[in-house]
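Asks: For B:21-48, B:60-82, B:121-140, B:146-176, B:188-215, B:235-255, the entry in TrEMBL reads transmembrane segment.
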Amino acid sequence: MQEDAGGAVRDTDGAFIDVTDLRKTFSVRRRSGLLRRTSTEVHAVDGISFTLRRGEMTGFIGPNGAGKSTTIKMLTGILSPSGGRLRVAGVDPARDRTRLVRRIGVVFGQRTTLWWDLPLRDSYGLVRRMYRIPRARYEENLARCVELLELGGLLDVPVRQLSLGQRMRGDITAALLHDPDVLYLDEPTIGLDVVSKARVREFLLHLNAERGTTVLLTTHDLSDIEHLCERVVVIDHGRLMYDGALAGLHEVGRGERTLVVDLERELPPIEGIAGARTVRTEGPRQWLTFPATASAAPLVSRIAADYPLVDLSLREPAIEDVIARMYAA
Amino acid sequence: MHLLRLNLAVAASGFRRYATYRVATVAGVFTNTVFGFILAYTFIALWYERPQLGGYDQSQALTFVWIGQAMLATAALMGGGFQDEFHERVRNGDVAIDLYRPVDLQLWWFASDLGRAAFQLLGRGLVPMAVGAFAFELTLPSSPTVWLLFLCAVFLAVVVSFALRYLFALCGFWLLDAAGLGALSTLMSVFFSGMLLPLTVFPGAFGEVVLWLPWAATLQVPADVLLGESGGGGLAGLGFQLAWAVVLLVAGRLLQAAATSKVVVQGG
């Protein structure tokens, strides 16, 4: 049990975020005649339960419209749940939003918290006032983010002139100036190039390791999760599909990796290797799939021994395919 | 103390945001000045035919024109300012970001609109007024007290204008796309503030009623304070403005509470 500066008890059972049977129902009105409208209930979040420990970095994934953003909005307190129980740091977000707000940071990848017409530095100054961050701590946090996210030359540039990757790094900095205990990231790498993505990921790993910040990350990019999270929570149609290690997700979803091999010449499809099957051939190139839970090493050595191998590459399964297969199962 | 510092910072940022666009400011000054000349010659024609129309002589009427031009951007009489931005944020869901911040929505926009108004008064208010005073014979007071009261009236005009526009903007939470409402709000403001014609020229019951509507506080009253036409040495006008400011700001708070409790954040 820990106490923060305000004297409030943080967490008693190690669960920093505790979600039990969370529900959110929207009523959507549709036109059904010339003037008549019918109202239908949409269960955006339909009974989700999970807990996050302090300092955990968790991936929160699911297809579009699965209810990820709705859940995050409830976790931040800007939407109130229609049912279920929700606690973040022992606090009900919807009821105690103002108390919780200083302890959480949010980055919405498709929105910005920065002021379009103002230089980054001015936006940060406003954030400092808003969150009442003491000057010394503010300077320290800003300096750290500027260094790690390489924002040095950008502080005096108006936000409208920043590239998407620069703006995203600027947004992440804005969300961290007040030292939040938990950081919600909603698609933080959407639209970023490989270099920017790598920089953001590296920074998040550093943040989690150094400051113990609890991170909940939604993304469509499975490689984000692979680099960052030991645990994934998968939701779809507002329901929990999976909660556990990433490797286990492949097991449940029977995720398959693909080995692409280039042979010296065109040959009949590679056969007789246990656990793998050839799904496509195109000239000297062949595609073999095998379970994502298996190691590629024995497969590669078998092929190298029996066939004239020139080159090979390995492709990881896409999250959409894994989830699609979970359905089929 | 913290709240004051935060809101000063917000107002300063509002000021800077508008100060960034220098070309837009120059274009605005030019437009206000041209518009001022057109209205001035229209009023000259009107007051030539009907001297003492609305209780003003011709010089007072011309002064009214140029006060109107100085107030146009300052009190956002033709809309704009935070209202468009707020609409857009409600429409595209960015308001979610505003809502999770540890600040009060109304106070935040109020401070930022005051910052905007301060810039517009200096950037787009002073020059057209000076041009008007140079080109026409205006009735300007010599007493510094009257100027001081006028400044108070300008401040209150901005407050009332903000409070009105905030009410219109909040309706976006229910209507989802409130562009039509924004246009209505601008139309009401242009007419009922007295920008087209001083409200005192309208005859009969209509003329009585328009003087009591809140829009009167955004131009008619400040102009009357400067022209010495407001009762009680101008204090009656200021009291009228203050009363509307309080009523509308409280209404804004109530509507805001209703809006945010049923908020449906769109998109994402």
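Even glycines carry a Cβ here, placed using N, Cα and C.
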Asks: If you count every Cβ pair below 8 Å, which range out of B:21-48, B:121-140, B:146-176, B:188-215, B:235-255 shares the most with the transmembrane segment (B:60-82)?
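Replies: It is B:121-140, which has the most Cβ pairs under 8 Å.
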Asks: Which stretch from B:121-140, B:146-176, B:235-255 shares the most C-beta pairs under 8 Å with the transmembrane segment (B:21-48)?
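Replies: Stretch with the highest Cβ contact count: B:121-140.
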Asks: State the residues, same chain only, that lie 6 or more residues beyond the ends of the transmembrane segment (B:146-176) and have a CB under 8 A from a CB inside it; answer 'none' if no residue qualifies.
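Replies: Same-chain residues near the transmembrane segment (B:146-176) but 6 or more away: 71, 74-77, 79, 81-83, 86-87, 90-91, 106, 109-110, 113-114, 117, 121, 182, 184-185, 189, 214-215, 217-219, 221-222, 225-226, 228, 233-235, 237-238, 241-242, 244-245, 248-249, 251-252, 255-256, 259-260, 262-264, 266.
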